[in-house]
């Protein structure tokens, strides 16, 4: 669902404002995160994580791909959340400066913002992941029941190791990451409330000064961003809480808290996937320009 959504946003008729260019950045980030989630689940459940005695679960390329995938996931997931914050913030500023052409309303602002946020997020993730390396650990031999292998066949096994004190780097990383997630969770409801009141405040004024079509499109765009903001609050808050519970909570073995944190990572991934997938539906139901672009892409409208 995210690929068609991205293709629609990249259409020339949609690349007209910073709102749409920021949404393009969000769609790209979400697509990368979802792709990594799918790759990890498919490889983990059906291939290398299936405990098949005939498959070496610790191949170099597989562990290296997971390392790169973890890095990309953290980079673009964090960037996606902050792009959502700036999407709501930019829309709020544009609404308050109605009638004035601002630089942040131009498409180039959204593209530059995406590059800056992805860059900053990459620096943060690189702080932790630069210390990991894939090193050889031992030798793997297929089970006697396995067929298709020559006699005395073996393969080297590898493991991911951290050069240095992983606890120190991991703790610092989680503190900053937790602060980032909590800030996102705090900013979202504040921006949502401000957007709500700004929509109500400008509704009467816009209805008098703008044409009916322009007024309705502007109102739909604001409501669309408001709904997306609410979805972002729901998907970002649990992750920030989970980071701080792991750092400062007493997670004893077989405790309920440890179980919740363990299964919480799956729940958090599911929330992000649902939030990312919902953007296409939200845009289609609340933006007439988006629907018109869909019709043009499908050849239903000249």
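The backbone N, Cα and C atoms fix where each Cβ goes, and this holds for glycine too.
Note that TrEMBL annotation is computational and uncurated.
A quick note: this is a predicted structure, and the numbers were derived from the prediction, not measured.
The stretch that TrEMBL tags with transmembrane segment, taken from the ranges 163-181, 182-200, is 182-200.
TrEMBL tags one of the stretches 61-81, 82-102 as transmembrane segment, and that stretch is 82-102.
When Cβ-Cβ distances below 8 Å are used as the criterion, the transmembrane segment (109-129) is approached by residues 17-25, 28-29, 67, 70-71, 74-76, 78-79, 82-83, 86, 90, 103, 169-170, 172-173, 176-177, 180 of the same chain, each at least six residues removed from its ends.
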